[in-house]
Amino acid sequence: MKRSSVSTGGAGRLSMQELRSQDVNKQGLYTPQTKERPTFGKLSINKPTSERKVSLFGKRTSGHGSRNSQLGIFSSSEKIKDPRPLNDKAFIQQCIRQLCEFLTENGYAHNVSMKSLQAPSVKDFLKIFTFLYGFLCPSYELPDTKFEEEVPRIFKDLGYPFALSKSSMYTVGAPHTWPHIVAALVWLIDCIKIHTAMKESSPLFDDGQPWGEETEDGIMHNKLFLDYTIKCYESFMSGADSFDEMNAELQSKLKDLFNVDAFKLESLEAKNRALNEQIARLEQEREKEPNRLESLRKLKASLQGDVQKYQAYMSNLESHSAILDQKLNGLNEEIARVELECETIKQENTRLQNIIDNQKYSVADIERINHERNELQQTINKLTKDLEAEQQKLWNEELKYARGKEAIETQLAEYHKLARKLKLIPKGAENSKGYDFEIKFNPEAGANCLVKYRAQVYVPLKELLNETEEEINKARNKKMGLEDTLEQLNAMITESKRSVRTLKEEVQKLDDLYQQKIKEAEEEDEKCASELESLEKHKHLLESTVNQGLSEAMNELDAVQREYQLVVQTTTEERRKVGNNLQRLLEMVATHVGSVEKHLEEQIAKADREYEECMSEDLSENIKEIRDKYEKKAALIKSSGE
């Protein structure tokens with residue numbers, strides 16, 4: 001079974017000669033005590049401090065003390081940039097899904113879903129955080145107060161590399177805060193999984209076993225290398241910057257462990273040199289001809305184009321060859337037919353020659369027959385010419401008749417096409433109204449075969465045209481009315497858009513005014529806090545001055561006890577003056593603090609009054625929703641200020 005390799009967040013070291021700084025003020029396993037937060041205008045009451053629970057992943061302290069090195073110091077307070085895509089909605093949804101699945105699988109007591117985790121409240125976040133941290137510290141209980149300091153401190157103690165601000169704890173579900181917090185919760189879930197896997201996993205090495213099992217990433221757990229790393233780290237923390245002795249010891253142990261042969265090493269080194277030379281030679285060839293691959297690709301593309309052209313040419317040749325074969329077959333058939341006709345003609349000539357040889361006529365009979373044949377031939381020629389002329393006339397008439405018939409059929413086809421398109425034919429069509437608008441052309445019926453269709457088609461068609469024109473006029477009037485209505489609607493829409501734009505501008509102005517008021521209130525708070533701090537410093541300075549004067553007076557009193565009776569009245573008067581000054585100073589401080597509180601209350605009331613005046617205008621439903629949101633934010637600011 002493979003053992004998963006675990007990389008801790010802050011214990012691993014990337015380089016052997018960096019990370020020289022060591023925090024000697026790091027805390028141990030116990031978390032620090034809670035500190036009092038000063039309040040305005042009230043006496044601070046000391047609350048009994050209670051020791052918190054032990055943290056499993058507290059900040060570790062170095063076991064070798066501070067370390068001196070000549071290679072420089074790197075500050076550990078550099079702010080690390082978060083590489084995670086926290087602005088990516090898909091990544092945030094994936095983190096929310098992981099959090100929801102982990103809570104559901106591990107028996108979270110409250111109902112939780114993807115929708116409820118899109119923008120949870122502070123109360124829900126504290127419940128989820130307490131449930132998750134309970135896996136690492138089962139006896140942990142979140143305090144009722146100052147959770148905004150407790151939660152970031154716990155993440156910092158666990159080694160979370162990115163800082164969580166206190167202000168983000170008040171607005172957990174805000175769009176600019178929730179991505180950072182849900183990413184931190186997913187990191188905490190990963191810590192829980194690692195902690196669980198470490199508790200359930202077996203030791204890496206048994207006694208006498210220098211090699212462990214292979215992990216998922218293919219790394220072998222080597223006890224010898226781990227011992228070497230521990231020794232080097234201890235030497236490094238004690239101030240050493242070179243580890244030649246450890247390297248030599250590790251090399252000898254590895255040779256003994258793997259039974260290394262020196263001759264094999266030499267042969268491997270020779271092979272390595274040969275391979276390096278080959279690599280260098282190939283690199284030089286690549287530098288000499290950097291675009292060789294591109295040229296080969298172009299050559300390959302051109303050759304592929306030539307292959308395609310040759311294939312097309314071969315297909316054309318094959319088709320041409322098939323055509324020639326067909327022509328050759330036709331010519332062979334024609335030759336066979338002509339040979340057969342030639343043979344038939346030869347037989348007929350032979351028969352006629354036999355008849356001529358066997359006939360019994362005289363020369364006069366032959367001349368008379370020839371003369372009659374010539375006359376008959378002339379008559380035949382004349383009749384043939386007359387027949388050709390009549391046939392030419394007949395052909396012209398037939399051609400004229402065919403053209404006229406074709407024109408009539410074309411017009412009828414166009415008429416039938418338009419009639420079908422207008423739904424006039426067949427007789428039961430939608431727009432036929434019971435009339436038969438189909439024209440049947442029968443040339444054999446004579447020249448008047450189309451006359452009867454004039455009364456059958458023209459009159460109903462004229463009526464339909466009149467009705468259609470009336471409907472077109474009505475539709476045109478209706479269209480004009482609709483266009484007028486559309487223009488009015490467009491004008492109304494334009495006016496509405498202008499009103500919406502005006503309302504948006506007013507909302508933006510109100511939002512800017514609200515942000516300005518919040519900024520002014522924050523600046524006023526900071527100013528009051530700085531004034532209070534300066535007053536506290538002045539008070540401490542006065543107390544130290546008074547204490548110093550009192551000690552000097554006591555020393556002088558010890559030195560001049562003999563003159564006590566003479567100066568007792570003067571000393572009493574000075575003490576009374578000092579007491580009066582202190583009392584007056586305390587009264588001034590209390591009065592100033594009260595005036596600061598009163599000024600803050602007046603500013604808050606003024607901001608609320610201006611806010612209510614701004615929100616009293618009835619703009620639209622959207623502005624009402626924005627007003628509700630602003631009221632919630634103002635209440636939250638007021639509660640945090642109190």
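Numbers run from 1 along the shown chain.
Even glycines carry a Cβ here, placed using N, Cα and C.
The coiled coil annotation in Swiss-Prot covers 261-403, 458-639. Annotated compositional bias 'Polar residues' per Swiss-Prot: 18-33, 63-74, in sequence order. Marked as phosphoserine by Swiss-Prot: SER44, SER55, SER62, SER69, SER165, SER242. Look at Swiss-Prot and you will find LYS53, LYS59, LYS527 tagged as N6-acetyllysine, backed by similarity to another entry. Annotated region 'Nuclear localization' per Swiss-Prot: 1-250, in sequence order, evidence recorded as similarity to another entry. The annotation region 'Disordered' is assigned in Swiss-Prot to 1-74. According to Swiss-Prot, the feature region 'Interaction with RB1' maps to 128-251, an assignment based on similarity to another entry. The region 'Interaction with NEK2 and ZWINT' feature in Swiss-Prot is assigned to 251-618. Residues or ranges marked as region 'Interaction with SMC1A' by Swiss-Prot: 251-431.
A map of Swiss-Prot features onto the structure.
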residue: SER165; record: phosphoserine; contacts (Cβ under 8 Å, 6+ apart): PRO152
residue: SER242; record: phosphoserine; contacts (Cβ under 8 Å, 6+ apart): none
residue: LYS527; record: N6-acetyllysine; contacts (Cβ under 8 Å, 6+ apart): none
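Mean predicted confidence for the region 'Interaction with RB1' (128-251): the pLDDT average there is 81. Counting residues of the region 'Interaction with RB1' (128-251) by DSSP class, helix then strand then coil, yields 71 helix, 7 strand, 46 coil.
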